């Protein structure tokens, strides 16, 4: 449930960011969102995060996760700027479960279950359907952005975003497995990643301050889809693997689709609705845990 709530918040990012003025670059949006949000996570959880930051055993995973935290927002918002909100969003989120499973297999030799394979196949097929039909949560500024950007570059950046998302999810999971509290883990990883992002924000973030609306939207992105969502994400990640978590959070493109219809007023065709249904089915398969089989009691043959 924590991961579902986080996904609901994440699903608003594309639509909210689409209302920012064109003068605000995707780099500024990404740096502000996760830079400010990461600093807030560290500020709230610093008591739990400080021992983690001082731990030698935790340091490699903090660095690994922080690199993902830095790369993800810059690649994600740039992907939406180049290829559109639809393609950027669905390729980023759709590729993340695959990258997460590959990380688990490469590092831990974790066996992929049939249930995960079916659920991920359905979810990836769903996001592919959404991406092919295009214009999911397509903002009013996307047309201009797509004219000046390269769709193929956007797809490449979206794959980078998916890999980095899987990377910091996996790193956070490894830190949780060491016994660290979830609030401290997200504070340490995202706080470490916030430092270089805030430097980027100082360089390219001046246009955000030009209007009150851009300040308000940026604050929402930092506090809602970043700060609050990742607190929920950290708690949810304690109970599932990183590959399962990234599959469940494929709910995000579904939320973006609903917002596109309700807020932006778009019309979706049949393949898009098929994509929504496939993603929901995949998420349900991952969330419903199979009942353990009852032990079979052997029958005793009666003598006589």
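Backbone N, Cα and C define each Cβ position, glycine as well.
What TrEMBL lists as domain 'EamA' is 2-129, 153-287. The transmembrane segment annotation in TrEMBL covers 26-46, 58-80, 86-107, 114-132, 152-171, 183-209, 215-233, 245-264, 270-288.
Taking pairs at least six residues apart, the transmembrane segment (86-107) and the transmembrane segment (215-233) share fewer than three Cβ pairs below 8 Å and do not count as touching. By number of Cβ pairs under 8 Å, the transmembrane segment (183-209) is matched best by 58-80 from the list 58-80, 215-233, 245-264, 270-288. Helix, strand and coil residue tallies for the domain 'EamA' (153-287), in that order: 118 helix, 0 strand, 17 coil [DSSP]. Using a cut-off of 8 Å between Cβ atoms, the transmembrane segment (270-288) and the transmembrane segment (114-132) share at least three residue pairs, counting only pairs 6 or more apart in sequence.
Taken together, the residues of the domain 'EamA' (153-287) have an average pLDDT of 87. In terms of DSSP helix, strand and coil, the domain 'EamA' (2-129) has 108 helix, 0 strand, 20 coil. Tertiary neighbourhood of the transmembrane segment (152-171): same-chain residues 61-62, 64-69, 71-72, 75-76, 78-84, 87-89, 91-100, 103-104, 107, 189, 193, 237, 242, 245-246, selected by CB-CB distance under 8 Å and a gap of 6+ residues from either end.
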